[in-house]
Amino acid sequence: MAATRTFSIIKPDATRRNLTGAVTKKLEDAGLRVVASKRIHMTREQAEGFYAVHKERPFFGELVEFMISGPVVVQVLEGEDAVKRNRDVMGATNPADAAEGTIRKEFAESIEANSVHGSDSEENAKIEIDFFFKPEEIVG
Ligand code: UDP
């Protein structure tokens, strides 16, 4: 099966606790390769735009505040079945429900401060990669 790509964010709760390397190792150990990475401090406009699908949800305002509360690391990950592979190693949204060995089980602080974002479909992966990266920033 051909390699595909997905989009990941190491969220502010993880960068604050100096877990960028530990989270990235989990991704690499799961068979994903980091083909683009940058540490940024999202603007409010970026966070609102990125999470626009959630704008009617009750947690939207707090989620935006959280995502701009510190630096994040945005990444493009490549591997076989990358979207699913990444979702599997991330674990459930709520760390209380996340399986052993997953990033969220090991590192997440709460349902909101849950250490990582990962695209939920190939279609959204393309949209999310384009939101943060120029093609020449991705080196496969
Ligand atoms: N989130 C939250 N409260 C909730 C559900 C989600 O703060 O009740 C946040 C959490 O950071 C989550 C993000 O919103 O990662 C996006 O939610 P989604 O349901 O898409 O979960 P994910 O795909 O990240 O597992």
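Yeah, the Cβs are placed from backbone N, Cα and C, and that goes for glycine too.
The DSSP secondary structure for His117 (active site, pros-phosphohistidine intermediate) is strand. Cβ environment of His117 (active site, pros-phosphohistidine intermediate): Phe7, Ser8, Ile9, Lys11 lie under 8 Å away, each six or more residues apart in the same chain. Look at TrEMBL and you will find His117 tagged as active site, pros-phosphohistidine intermediate.
For Lys11, Phe59, Arg87, Thr93, Arg104, Asn114, the entry in TrEMBL reads ATP binding site. With a 10 A radius on its CB, Thr93 (ATP binding site) counts 13 other CB atoms from all the protein chains.
The domain 'Nucleoside diphosphate kinase-like' annotation in TrEMBL covers 3-140.
Every protein chain considered, the tally of other Cβ atoms within 10 Å of the Cβ of Lys11 (ATP binding site) stands at 26. For the binding-site residues listed here (Phe59, Arg87, Arg104, Asn114), the lowest count of other CB atoms within 10 A around the CB belongs to Phe59.
Residues distinguished by a CB atom under 6 angstroms from ligand 1 are absent from the binding-site residues Lys11, Arg87, Arg104. Between the farthest pair of Cα atoms in the ATP binding residues (Lys11, Phe59, Arg87, Thr93, Arg104, Asn114), the distance is 21 Å.
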